[in-house]
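K.L.:
Got these off TrEMBL a minute ago, pasting:
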| type | residues | note |
| --- | --- | --- |
| TRANSMEM | A:31-51 | transmembrane segment |
| TRANSMEM | A:63-82 | transmembrane segment |
| TRANSMEM | A:102-118 | transmembrane segment |
| TRANSMEM | A:138-157 | transmembrane segment |
| TRANSMEM | A:250-270 | transmembrane segment |
| TRANSMEM | A:291-313 | transmembrane segment |
| TRANSMEM | A:329-352 | transmembrane segment |
| TRANSMEM | A:372-395 | transmembrane segment |
| TRANSMEM | A:499-518 | transmembrane segment |
| TRANSMEM | A:530-550 | transmembrane segment |
2 protein chains.
Amino acid sequence: MSEESAPGPKESPSAAPLAGSREAWKKGGRLLSVLLAVNVLLLACTLISGGAFNKVAVYDTDVFALLTTMMLLASLWILFYLLRTVRCPDAVPYRDAHAGPIWLRGGLVLFGICTLVMDVFKTGYYSSFFECQSAIKILHPLTQAVFVIIQTYFLWVSSKDCIHVHLDLTRCGLMFTLTTNLAIWMAAVVDESVHQTHSYDSSHSNASHLRLTPDRESGSSVGGDCSCNTAICQIFQQGYFYLYPFNIEYSLFASTMLYVMWKNVGRLLASSTHGHGHGHTPSRVSLFRETLFAGPILGLMLLVVGLAVFIIYEVQVSGEGGRTQQALVIYYSFNIICLGLMTLVSLSGSVIYRFDRRAMDHHKNPTRTLDVALLVGAALGQYAISYYSLVAVVVGTPRDLLGGLNLAHALLMIAQHTFQNVFIIESLHRGPPGAEPHDTTPKESCHGLTFANLDALHTLPACPPTPRLVGINPVGPQEAMAIILAPRGHWRRRCLKDISLFLLLCNVILWIMPAFGARPHFSNTVEVDFYGYSLWAAIVNICLPFGIFYRMHAVSSLLEVYVLS
Amino acid sequence: MSEESAPGPKESPSAAPLAGSREAWKKGGRLLSVLLAVNVLLLACTLISGGAFNKVAVYDTDVFALLTTMMLLASLWILFYLLRTVRCPDAVPYRDAHAGPIWLRGGLVLFGICTLVMDVFKTGYYSSFFECQSAIKILHPLTQAVFVIIQTYFLWVSSKDCIHVHLDLTRCGLMFTLTTNLAIWMAAVVDESVHQTHSYDSSHSNASHLRLTPDRESGSSVGGDCSCNTAICQIFQQGYFYLYPFNIEYSLFASTMLYVMWKNVGRLLASSTHGHGHGHTPSRVSLFRETLFAGPILGLMLLVVGLAVFIIYEVQVSGEGGRTQQALVIYYSFNIICLGLMTLVSLSGSVIYRFDRRAMDHHKNPTRTLDVALLVGAALGQYAISYYSLVAVVVGTPRDLLGGLNLAHALLMIAQHTFQNVFIIESLHRGPPGAEPHDTTPKESCHGLTFANLDALHTLPACPPTPRLVGINPVGPQEAMAIILAPRGHWRRRCLKDISLFLLLCNVILWIMPAFGARPHFSNTVEVDFYGYSLWAAIVNICLPFGIFYRMHAVSSLLEVYVLS
């Protein structure tokens, strides 16, 4: 340090001494909380995975006890945090404008409400045979309801905070809450997989298949009068399994918001009101006026057709044996058409960006970095399933119509994930609408405006680097002028908005199908015969939750792309 | 950039516009290469994992064909890179001083030589029954030998490069080579696990255990005169299985170096000859003079005792049945003592740092960031095994001596990994020796020096903030003075050097045991009975390679800590 006489101190000149005095080594504090989270998470992971296997002497009551304890502790920490920030207003000197956008918080509330309904159903289900159950099974959904309410309120009010008191404690608390959410997520995913396997086993009573998790449901309700026989109990049981996807999404949404909060602990921003262009809110009036309508209409058509296909598929597969083949052909055909269109549309979006001259946004933005990492990471799940399908179809012997459809489906799935990710990530890194890269060729763009409308330019105070269309004040002389000035950019923007809406609607239907129980992976016998049931079930049950989360996350990212473009 | 902090001191301000003109969006180029790598890696992963299961119709020849193709392509790209950089000297304007330190490159060469020996053994083994084997099985080790030679030379000369031509092509090439190494690593790990399971099955011919991978070895050599009966063939087969750990380490070393090169593509450094303090080479004379000798001596003792314990364990476990219990008691006792000492020593190292006033090094350093991520990530493997053991011992019924030892072992393993990681990571983030944080209290440290030796201070041109002990010119008046001036710092440094040497030697012995085949996880019946053989084998076979890599990586990091402290 002394000898090298380094030219540049790292922090921004004004903030450096403050950072130095407040926290000598940020990574150290982060390391501590990560170590805590890793250890708690691994313990939870061990118990949850152990509880899923019938052979292992870990019972689901152990898992429920662990989760209940974790939720109580996390709730206590959240209450402590809320009290402290209320009583000490200068604890949060900065707020990150990128963190916790309204659609993320809205989604959180929506999924939170569904989780509450699920908890009611669960409580009802377990209350039906209270006398022969452990009390923890009823305590668990009640605690979860309390936890969901507290956490949703906490994330609604605090998700933008950059807190500057009790740094290490806050980091550990946030990481612990994050770990709690991930543990709930894991437990829900495992429980759902066990349920799926159970219903698969009861429909395919084929003794040659090795069962990954045999009959936990029936095993737990064994013992005379303790079975779920009443109609209300059956409804509760069916209901809470259909609501699991929302619980899963709620946990993941909360996790991403908590992670961003954790990254923002002790962060110094230049100014809390510093505008970045990204924080602008579009006027409600022009929200849907600026599309070509082709994207939303085509997307809505696909959504409706997809719902019909999904219902037909479910009816035919759960019915008698002979119609499964036909159901699979319909399902795969629809998916191939949908994925093919999405691939083409994503590609054309990327082509449009090749002609777009907006500057890339190089600002540091933890929310965006996390979004990109989640998009790429969650796509791995579907990639893995597709590659395993690919190998099974190519190497396996029977080459029929269904094999061909499966092959096309797997290939298109890979292509669609790749091109959609490229499109979304490039969109998220673009600057605000109409911002040309004025630092490289400011003169040229200025002259371009001059040629387009010379006299309009004179009404401006100075040569504007950015013809801003979506401003805080949409009605005014500047807006009309901007439309005249940049018709080409406007056409591109409309296309991009259409593309993002179309992709959004397609992702919704591709989310609905697997999230609500379509499993062509098992109806189709190619992979099951090739890999054996236990291996293929392990692959699908581990990877598919990531695939489902990818769709959900792509929807929220595409919504952001739509608003920003 | 406007928000929080500038990217780092090393990115020179004058170079920023250059970066803008050269590469508009660095993340885009990276995204492309990551997508390529992910897809190739998943394809390789599918084939390799499919080939490991006997039931699946993927043969090991398919895997060998894929790996051979990948290695040939990677070799071609490396040759192209080397030719291009030789013919165009200004392609590499900067070199990263942190990348490819001498011990990493030395280790790479060492492991590369062992891999070459392994390839000779493999070629010999498969040549023994050439007539009934596919030609690809002999082609594969030969190609691997060529690939290892080319890649080792490439990494030796180019690992510090920050290349600035053909950015996207170079990124894709580096990522492809990295993927090839990871695929080789995966194939080696799977092959070794299959071999371990096979030898476990042949020793425990217990029909109740479900075998994860039954008899691939014997299956491949079935068919009359094609079995490996000659003595030389047996030696070849035994030999190459003992050399697998080196191949695994070689692939991982090469992967980390390639990753750092990939991060450095298109990177702009302030000056290629700018000293950072970290790049200093200690004088060979004082390398071992500065320790208290307690650490190395205790470490060597543990190393020798550990080797003896390992041999006793192997002999007793592979012998007749009755001695396994005794062997396990010896093995666990040694490990508990070793891990306990390491935990205490790491903790005391962290305590010493609490009194250390050296500044934290906040420079951007991709090598160090990767090191830290690998340490934390690779520790997850051993964490997972320990938590699964923990649950099995606590929940399981038999509570005897072995159960207690197993419990203590698992707990200490978790503690040791945690505290050692904290110690290493804190060490790596310290500034160069003796660098006090002069920006916070420069006056005080200056006065401290004045009181210690007033007249020596007057011989200096100015009040020195850092009494530098290990300099470029170790013999001179300043060195003697520095020793007089800062005896307390010197004592601390000796302690830290002792601690790092002790931990290093302990990690070596803890690496040798699992890497050369000690598997108390299966000799011990607690976990096998609790989880069932197939589940426990899956857990251990997936997690243990990471645990072994952690030891290896900790050794190289501790060597760096030793040199730096």
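All positions are counted from 1 along the displayed chain.
Each residue, glycine too, has its Cβ placed from N, Cα and C.
Could you place these features in context, so I can see how deep they sit and what lies close by?
P.N.:
Non-local neighbours of the transmembrane segment (A:31-51) in the same chain are 58-60, 62-63, 66-67, 70, 168, 171-172, 174-176, 178-179, 182-183, 186-187, 190, 262; each lies 6+ residues outside the stretch with a CB under 8 Å from one of its CB atoms.
With a threshold of 8 Å between CB atoms, the same-chain residues lying at least 6 positions outside the transmembrane segment (A:63-82) that come near it are 40, 43-44, 47-48, 51, 134, 136-137, 139-140, 143-144, 146-147, 150-151, 154, 157-158, 170, 173, 176-177, 179-180, 183-184, 187.
Counting residues 6+ beyond its ends, the transmembrane segment (A:102-118) has Cβ neighbours under 8 Å at 141, 144-145, 148-149, 152, 155-156, 159, 239-240, 243-244, 246-247, 249-250, 253-254, 256-257, 556, 559-560 in the same chain.
Long-range contacts of the transmembrane segment (A:250-270) within its own chain (CB-CB distance under 8 A, at least 6 residues past either end) are made by residues 11-12, 15, 18-19, 22-23, 26, 29-30, 33, 94-96, 99-100, 104-105, 107-108, 111-112, 114-115, 148, 151-152, 155, 158-159, 161-164, 167, 170-171, 174-175, 177-178, 181-182, 184-185, 188, 366-367, 370, 374, 549, 552-553.
Proximity of distant same-chain residues to the transmembrane segment (A:530-550), defined by a Cβ-Cβ separation under 8 Å and at least 6 residues beyond the stretch ends, is recorded for 189, 193, 196-197, 209-212, 245, 248-249, 252, 374-375, 377-382, 384-385, 388, 392, 395-396, 417, 511, 514-515, 519, 521-522.
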K.L.:
Please figure out which one of A:138-157, A:291-313, A:329-352 racks up the most CB pairs under 8 Å against the transmembrane segment (A:499-518).
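P.N.:
Stretch with the highest Cβ contact count: A:291-313.
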